[in-house]
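The following features are taken from TrEMBL:
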- C2: active site, nucleophile (ACT_SITE)
- K612: active site, for Fru-6P isomerization activity (ACT_SITE)
- 2-227: domain 'Glutamine amidotransferase type-2' (DOMAIN)
- 294-434: domain 'SIS' (DOMAIN)
- 466-607: domain 'SIS' (DOMAIN)
Amino acid sequence: MCGIVGAIAEREVREILLEGLKRLEYRGYDSAGLAFISPTPNALATQINTIKTVGKVNKLVSAVSKSKAKASGRIGIAHTRWATHGKPSVANAHPHLSGADIALVHNGIIENYEALRAELRKAGYTFDTDTDTETIAHLIHANRAGGKVSLLSAVKKTVKRLEGAYGLCVIDNTEPDKLVVARSGSPLVIGVGIGENFVASDPLALGQVTDRFIYLEEGDIAQIQRESIAIWHKGKKVNRPTTTVKHQTADSDKGRYEHFMLKEIYEQPRVIQDTLDGRVSKSSVLEQAFGINAPALFDKIKSVQIVACGTSSHAGLVAKYWFESIAKLPCQVDIASDYRYRDIIAQPDTLFVTISQSGETADTLAALRYAKKLDYVATLAICNVATSSLVRESDISMLTMAGQEIGVASTKAFTTQLAILLVLAIVLARRTGLTTAQEAKLVKELHKLPGIVEKTLGLRKQIKTIAKQFSDKHHSLFLGRGIQYPVAKEGALKLKEISYIHAEAYPAGELKHGPLALVDSKMPVVAVAPNNDLLGKLKANLSEVSARGGKLFVFADESIGYQSEKGLKVINVPRCSEVLAPIVFTVPLQLLSYYVAITKGTDVDHPRNLAKSVTVE
Ligand code: G6P
């Protein structure tokens, strides 16, 4: 997804911008670029210089090092682009220019860009790119009226015409002492320095220069100079608080691991512990952790509506089983991109829950905004980013303490989401008859979770060996029954995301209604078999696969004593209770997808065509 960095300082800003872009690489992108207000060759004036490349930021770094004089300035803007309008190309990469003086970077999508483009064409503007962004640059240029209107006023006038989402950062060679930024639907944060200031779409990008940030609100426009920051909202000057954010540098460092994904898989015992810390006492759940107003809101709840995307939606599907079985509450789970466009009939007394790693996923945010107009009791965000739009716009929130997740394929965010959802199920179950003794039993299980996950990571070597059997395959099936079906879905998603092997998940009972026709010796079938009441039925489903010559890989609870035989490889998973099984059985499936991808040699942390945080529709 696109990333923005901007800087104005007394010193050279080149390295600040490049480092910022590197720090945003985890979001996924396909091209990158920079613009500076640089001295002209005779040093008597200034001019806008841009450098843009397709591909990784490292390519931009090489291009910059070849033309340092051009890539130089005390004010500059930078961008990583994830193509939405027009293919990845140097022309389409940001920054975009209008005339010789205006350069701009933009995150988001302008929905009325075609109408604006037609209007600007009539006014004599020509377009060199396929992007919606170039329209904004020209509109600002037009609104400057040949210099009669200041850059700030021109931006204010321009954003009134924009429909869609934007985070913008603009420079103008005729006003070389300022960055003008605007936010609507796409995050922007100002980094506060001493005698220098910065802007970025994510504070992470500025961790090397400051730990003080001003989060812009929806609709804010700001003028950033070396010594001052001024912010306007709906035409009025406003003050926004400065927040100190301590950066966990360890998160953006692979350490001894070859990939962020592997590091993040291995962090799970610790981050699950961090997520439970302070939220769960020895024998009960501390429901105030959901916020001071939460207990009173929870008292009213008679059903739950969950909305999320991708991996986070799988966490919701697992939680549905917990809400039903533990809290005895009906629960509906919807994909955000679908929910937001339906005629939703909100059930009375329902808690609306969003789940998101980033808290910036456009569809999830839009679903939340839609839900707020409906008759829900409250909105709860389960999210990994405290400062995200989702958290800020929800009535209450509960943070997963996964730390920064960089691998595009989500791992530790998912298992920490599950930990929170289980805690939520317990909190709601208190109101529907869960006794203190039953709660204490569940909490005891929760306390065992980090240790069991740690033990499960010990399966790494075995999984690495079987992964080789997947590398030449084109298709695979993942099976699970009941609450393990969403676990199978998550396993299949991981495999397709990073190894590009087609993987489909099925509830094992559905096998005979179609997918069995696909089974032959070329189709690996992965199954998750915890020790629960459905085990007998699952085994019967798996025999149907063996009988058709299918190659089975079964992750089975060690207490079952499932034996490997010809065509059936059993990997024993450390013993765990039924309630923890969805979290524990996720871990070997993460490792399987990781090692299959390694065997295939794909780009594990940055799989093709995918982005970490999808902030456009
Ligand atoms: C993208 C990511 C997925 C993630 C999904 C939802 O597709 O690649 O890993 O599950 O977005 O993101 P969120 O931040 O809302 O959990």
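Using the three backbone atoms N, Cα and C, a Cβ is placed for every residue, glycine included.
Worth saying up front: this structure is predicted, and the values here are computed from it rather than measured.
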- Task: Would you mind splitting the domain 'SIS' (466-607) into helix, strand and coil residue counts from DSSP?
- Result: 67 helix, 32 strand, 43 coil
- Query: Of all the active-site residues here, C2, K612, which one's CB has the most other CB atoms within 10 A?
  - Reply: C2
- Item | Inter-residue C-alpha distance, K612 (active site, for Fru-6P isomerization activity) and C2 (active site, nucleophile) (nearest angstrom) | 10
- For the domain 'SIS' (294-434), what does DSSP give as the number of helix, strand and coil residues? 61 helix, 28 strand, 52 coil
- Item | Overall pLDDT of the domain 'SIS' (294-434), taken as the mean | 95
